[in-house]
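Take a look at the structure below.
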Amino acid sequence: MDWGTLQSILGGVNKHSTSIGKIWLTVLFIFRIMILVVAAKEVWGDEQADFVCNTLQPGCKNVCYDHYFPISHIRLWALQLIMVSTPALLVAMHVAYRRHEKKRKFMKGEIKNEFKDIEEIKTQKVRIEGSLWWTYTTSIFFRVIFEAVFMYVFYIMYNGFFMQRLVKCNAWPCPNTVDCFISRPTEKTVFTVFMISVSGICILLNITELCYLFIRYCSGKSKRPV
């Protein structure tokens, strides 16, 4: 699946989202997917090529690079975006199932009076209620979990969010402790902090949307006749 396909699927989910959900999707597309596709390769394209160590020992440079960068930042962010977007696909499948059921009932004549034709069923906005409410709420909950887990993994794996100019490595087969230099550390630090900040904003938006959905759910129950 490429980014265009993912965008078209999530765009379909956006039609049935709350206002906060629409803001989250906008942030996801503009500040994460677009930035990752357009700018990430320019910033991180020289990762291993310009990782220089002051030794000529064969294999030392590769081992040190693997020690400090076990997973490429770009690949980790791409995996994060895929995992964060996956719960929204569950909502898309649930909406598609509901429409399929309505089409089936329409063809049988059970809901002929509710819709003019099948095209109206396709374009109708599906309300977030009933079982769809649970699917939608669960998807947001898992988005928060995935975002938090990836931020924690990123922090642990790279020992923080700031890129050092110089790192020391004594892994085998290096003959002793060698100095290794990272290319453009300031630029990479700024980019990393930006991506982490956007992840934090997405978490806040998801938590806000969860609170909104629960408040609306509770207020709806309180209005029902006893």
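Any Cβ shown, glycine's included, is placed from N, Cα and C.
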Selected from CYS169, CYS174: Swiss-Prot disulphide partner of CYS60: CYS174
Of the candidates CYS53, CYS218, the one sharing a disulfide with CYS180 in Swiss-Prot: CYS53
In Swiss-Prot, TRP133 and PHE161 sharing a membrane side: no
Intramembrane segment per Swiss-Prot - which of 2-13, 110-121, 122-133: 2-13
Integer mean pLDDT for the topological domain 'Cytoplasmic' (14-20): 78
